[in-house]
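Chemist: Structure incoming, see below.
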Amino acid sequence: MTETLTATDPFIVAGVPLGSRLIMGTGGAPSLDGLGAALVASGTELTTVAMRRYAPGSGGSGGTNLFELLVENNIRVLPNTAGCFTAREAVMTAELAREALETDWVKLEVIADEHTLLPDAVELVEATEQLVNRGFKVFAYTNDDPVVALRLEQLGAAAVMPLGAPIGTGLGILNPHNIELIVSRASVPVVLDAGIGTASDAALAMELGCDAVLLATAVTRAQDPVRMAEAFKHAVIGGRLASRAGRIPKRAHALASSAMEGRPDL
Amino acid sequence: MARTVPETITTDVAVVGGGIVGLGIAWEAQRAGDAVTVIDPSPATGATFAAAGMLAPVSELHYQEEGLLALTLASAARWPEFVAPLVAAGHADTGFRTTPTLVLGADAADRAALADLREVQLAHGLDVEQLSIREARAQEPLVGPHISCAFRIPQDHQVDPRGVATAIRVQLNVVAAERGRLREEQTSIRRNAVELLHEDPADTRSRVTGVLLEDGREVHAREVVVANGLAAPTLQGLPDGLVLPLRPVYGDILRLRVPEHLRPLTTATIRGLVRGLPVYLVPRNDNTVVLGATMREDGSAGVSAGGVHQLLRDAQVLVPAVAELELMETTARARPGTPDNAPLLGRVPGPHGRDIPGLIIATGFFRHGVLLTAIAAHITRQLLGGVTDLAWEQFRPDRFSPALQSTHTEPEETP
């Protein structure tokens with residue numbers, strides 16, 4: 001039953017159907033082998049890589065690198081512009097990624113400062129406009145601001161990716177109302193990106209109506225990344241099913257699950 | 001013009017690569033009585049030149065890397081006896097010190113992360129003592145007040161890798177001369193090795209008989225040890241099907257001089273977690289400190305400005321007086337990383353499930369090259385003597401070579 005529903009419910013982004021609604025990041029992974037095992041356990045089909053931190057083809061002859069690892073596991077790479085503070089840097093980084101990886105997908109990150117790693121909304125909007133005009137499919141990492149999210153969509157972003165909480169904090173979804181509002185007004189996919197700490201955070205994101213969840217630290221820095229990755233796989237599926245199943249209203253008073261009236265007298 | 005026949009050098013053990021691992025292996029083999037020849041155009045200028053030299057199996061423990069712990073602990077235990085003959089021979093600059101290590105956290109999350117790790121360290125029987133911040137600062141008064149936790153690890157020590165490498169290189173020549181090998185070139189050949197020579201030149205899985213140098217000369221040896229780090233996979237003539245998955249993981253590292261009025265900056269090695277980023281300060285005998293190290297896979301071999309900034313910023317959180325030091329040197333080098341962060345160490349299976357005679361691989365030591373030198377030298381000495389210690393089979397160099405797995409059976413012990 002659930003298999004059928006998940007199978008007929010692909011995550012379609014930038015025109016491409018994906019079988020998993022979990023997008024993984026790679027930052028903080030303790031080893032290449034450990035990362036590979038975690039990605040496989042997560043079931044992800046799309047994984048983002050910081051172009052400023054990993055050079056394509058730096059594995060050397062006979063070597064193994066992150067990009068080979070993704071190819072081996074049939075995982076599509078989503079290059080990102082982590083570490084960029086200006087629209088200019090982000091655009092140049094995206095162009096380098098397109099050249100090196102032959103993909104026009106880019107997760108756009110334009111960070112305001114190192115302490116919060118929060119997106120700089122002004123530079124983000126500027127970079128989104130430029131990248132869309134250059135033919136990129138822009139996955140825009142943004143604050144949980146419904147106004148900015150809508151603006152990014154209007155500028156042509158392929159997906160908007162509001163944060164649950166700042167990168168790496170594991171604080172979960174700090175403003176569920178805003179996430180719900182962003183979802184309710186969006187006509188492109190909404191991906192909850194950043195702040196996820198544990199499985200229930202991801203399930204909540206899906207229940208709020210997000211189309212997918214992106215996370216890295218929660219898995220890569222967990223004590224057992226493979227087990228945590230598997231937990232997220234199930235959490236995202238569970239949250240998605242719940243969001244489609246029609247939850248019961250919250251009530252102040254109890255309501256017996258089996259009604260007493262008309263009960264056969266046995 | 002008459003063709004000159006290239007000179008052939010004959011030795012017992014040829015070690016390709018003169019980083020600290022290759023030198024340590026050569027030194028141990030020489031002490032076992034073998035004539036050794038180290039082949040490297042510029043010895044001890046790679047990761048060895050950069051490394052801080054922490055012998056820190058406890059604080060280096062990472063989740064999911066418990067398999068490596070037995071190896072790092074065994075190696076740390078061997079370092080005193082490994083370095084003792086060098087010190088006895090008059091090399092005072094090996095920098096071997098049994099200074100304890102002080103582990104500090106900067107913020108509440110760092111404290112939680114280090115406390116979680118301590119649970120695992122304690123579960124492995126390792127000694128990690130929690131100190132109050134007051135105790136830590138009484139011991140190291142220049143540690144800043146804004147730290148969240150402190151742990152003392154008595155068994156994490158240090159050496160100076162540059163000093164050890166120099167001492168070994170000198171000692172290799174001294175001992176060789178004592179044994180009647182009067183030409184230095186027989187012990188250290190400053191050329192690149194380009195190819196492994198095989199008993200059957202058409203079969204890369206036949207006995208290895210030596211090494212071809214870039215200048216056309218041949219080194220004939222009973223055993224060849226491939227210990228040239230990231231360059232190992234570029235050697236021609238490696239056994240067919242052997243995959244050595246190495247990748248460069250760059251690190252920036254700084255060396256600073258402590259001005260007189262701040263000496264000693266610290267007596268212990270300081271390792272810290274600052275907002276989730278690791279940083280360390282290793283005090284040296286000569287009133288310098290080594291401050292490291294970043295981990296970069298950005299493909300850039302030069303020193304990263306952002307990396308230097310990060311190191312100085314984070315070190316000042318732990319020890320604010322770092323700002324007062326003289327920045328003497330910034331260095332970046334690549335560590336040879338493997339997919340599981342563990343070394344590629346041992347023999348390679350050949351036909352009929354027997355290991356290929358004459359060949360030992362010793363590379364992929366990643367973050368732990370200096371620490372693991374002592375055990376790598378010991379294990380290699382055993383292999384050279386025909387002994388395979390099954391405890392270290394998990395680090396066999398063929399473990400990423402599916403083509404070789406099916407033919408591999410347990411090796412026989414051949415004296």
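Yeah, the Cβs are placed from backbone N, Cα and C, and that goes for glycine too.
Annotation source TrEMBL lists active site, schiff-base intermediate with DXP at A:LYS107. According to TrEMBL, the 1-deoxy-D-xylulose 5-phosphate binding site annotation covers A:GLY168, A:ALA194, A:GLY195, A:ALA216, A:THR217. If you look up TrEMBL, you'll see A:14-258 marked as domain 'Thiazole synthase ThiG'.
Situate these features within the shown structure.
Modeler: Every protein chain considered, the tally of other Cβ atoms within 10 Å of the Cβ of A:LYS107 (active site, schiff-base intermediate with DXP) stands at 28.
The Cβ neighbour count for A:ALA194 (1-deoxy-D-xylulose 5-phosphate binding site), using a 10 Å radius and every protein chain shown, is 27.
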Chemist: Name, in order along the sequence, the recorded positions among A:LYS107, A:GLY168, A:GLY195, A:ALA216 with a Cβ closer than 8 Å to any chain B Cβ.
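Modeler: Near chain B, the qualifying recorded positions are A:GLY168.
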Chemist: List the residues in the vicinity of the 1-deoxy-D-xylulose 5-phosphate site, defined as same-chain residues other than A:GLY168, A:ALA194, A:GLY195, A:ALA216, A:THR217 with C-beta within 8 angstroms of the site's C-beta centre.
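Modeler: For the 1-deoxy-D-xylulose 5-phosphate site, the extra neighbours are A:GLY25, A:ALA165, A:PRO166, A:ILE167, A:THR169, A:GLY170, A:ILE196, A:LEU215, A:ALA218.
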Chemist: In the structure shown, with every protein chain counted, which of the binding-site residues A:GLY168, A:GLY195 has the densest set of Cβ atoms within 10 angstroms of its Cβ?
Modeler: A:GLY195
Chemist: With an 8 Å cut-off on Cβ-Cβ distance and a minimum sequence separation of at least 6, pull the same-chain contacts of A:THR217 (1-deoxy-D-xylulose 5-phosphate binding site), or say none.
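Modeler: Non-local contacts for A:THR217 (1-deoxy-D-xylulose 5-phosphate binding site): A:GLY25, A:GLY27, A:GLY28, A:ILE167, A:GLY168, A:GLY170.
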Chemist: Sort out the sequence-distant neighbours of A:ALA216 (1-deoxy-D-xylulose 5-phosphate binding site) for me: same chain, 6+ apart, CB within less than 8 Å of its CB, listed by position.
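Modeler: Expected: A:MET24, A:GLY25, A:THR26, A:GLY27, A:GLY28, A:THR48.
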Chemist: Max CA to CA distance in Å over the 1-deoxy-D-xylulose 5-phosphate-binding set A:GLY168, A:ALA194, A:GLY195, A:ALA216, A:THR217?
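Modeler: That value is 9 Å for the farthest Cα pair.
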Chemist: Using C-alpha atoms only, work out the spacing between A:LYS107 (active site, schiff-base intermediate with DXP) and A:ALA194 (1-deoxy-D-xylulose 5-phosphate binding site) and round it to an integer in Å.
Modeler: 13
Chemist: Could you find out if DSSP has A:LYS107 (active site, schiff-base intermediate with DXP) as helix, strand or coil?
Modeler: strand
